[in-house]
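**Student:** Submitted below is the structure of interest, expressed as structure tokens.
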């Protein structure tokens with residue numbers, strides 16, 4: 001009640017200033033300030049809300065919801081945007097622990113799992129056509145379910161680790177909100193729904209999708225035995241680069257799918273190594289390994305190598321898929337972004353690591369748009385060639 005009164009009083013004062021000539025930006029700044037200081041208005045997850053005991057696929061602790069709850073008032077009008085965290089917090093109390101277990105309130109992991117699927121689906125589309133909307137929807141649903149299943153598996157494996165780190169001690173299993181048996185039943189439900197999605201595809205895709213389950217189950221163990229868990233994460237996370245094409249075409253064209261898969265793995269090594277640098281101290285404390293601990297001061301050199309490998313793979317994809325000018329123009333933008341990302345990276349600044357990591361979602365979506373535009377350009381090229389032939 002007190003916060004509401006303060007909000008209305010301060011907003012009224014600013015509106016009075018606007019009436020006397022104060023710039024509109026004051027309202028914007030004030031509304032943001034009130035949003036993050038008023039009770040119940042804060043939905044932003046900081047870069048240290050979880051340990052690297054679980055990475056992107058299994059619930060990056062530093063996940064900031066891609067949408068925030070905003071309420072701004074200007075001349076009596078209000079606009080709202082709803083965040084994933086707000087949706088989870090609005091659910092019944094008995095359901096919330098399960099939604100948090102599958103990281104529904106932290107959607108960036110789902111995005112990074114889904115994006116390689118979109119690349120593959122778009123590349124498999126016929127020249128001049130947009131990607132199949134039904135396939136994009138189906139794979140989006142599958143990504144949500146499989147990411148949730150991966151988070152559940154991870155938390156079941158890492159219950160004892162999570163209890164030792166303050167940022168992960170509040171996870172549902174570690175905190176005792178959900179028992180291991182309840183988590184196991186919930187996992188069975190998620191996998192059953194994911195199987196239902198998979199069965200909507202052709203037989204080739206069903207077999208290919210089922211083959212990825214071993215990676216999903218074993219990835220959480222990798223950080224105990226190797227300094228390269230990010231590589232295994234890359235193998236897991238980018239399986240959609242193979243599956244998307246197979247779902248559209250009925251089988252894989254390995255000249256396109258393999259370099260796309262390879263590029264996706266290199267991309268995961270880039271962004272998840274950057275993320276891992278946020279949690280170096282916690283990794284050492286709980287006794288888990290990461291590429292951040294492996295590379296240390298040579299991180300930028302390694303990331304530069306991964307970037308060269310990723311871009312080389314994407315060029316091979318473009319050549320073999322007969323991509324056009326828009327695709328290569330976007331590749332240039334992607335290369336510039338990654339170069340700037342690595343050059344300006346401060347591996348000892350968690351906030352900077354978070355910003356660099358989070359920017360990769362937009363980078364992935366940009367590449368998707370480049371593939372779509374390149375595919376549409378093919379029809380234009382064919383039309384121009386036909387016109388030239390008619391003129392001759």
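Glycine is no exception: its Cβ is also placed from the backbone N, Cα and C atoms.
Annotation source TrEMBL lists transmembrane segment at 178-197, 228-248, 260-278, 299-319.
In the displayed structure, how are the listed features positioned relative to their neighbours?
**Tutor:** Remote same-chain partners of the transmembrane segment (260-278), defined as residues 6 or more beyond its termini with a Cβ less than 8 Å from a stretch Cβ, comprise 47-48, 52, 55-56, 60, 62, 112, 116, 119-120, 123, 230-231, 233-235, 237-239, 241-242, 245, 290-293, 295, 299, 302-303, 306-307, 309-311, 313-314, 317, 338, 341-342, 345, 347-348, 350, 353-354, 356-357, 360, 364.
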**Student:** Which sequence-distant residues neighbour the transmembrane segment (228-248)? Criterion: at least 6 residues beyond either end, Cβ under 8 Å.
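**Tutor:** 55-57, 112-114, 116-121, 123-125, 132, 135, 138-139, 143, 150, 201-202, 204-205, 208-209, 212, 215-216, 218-219, 222, 256-257, 260-261, 263-269, 272-273, 276, 288-291, 294.
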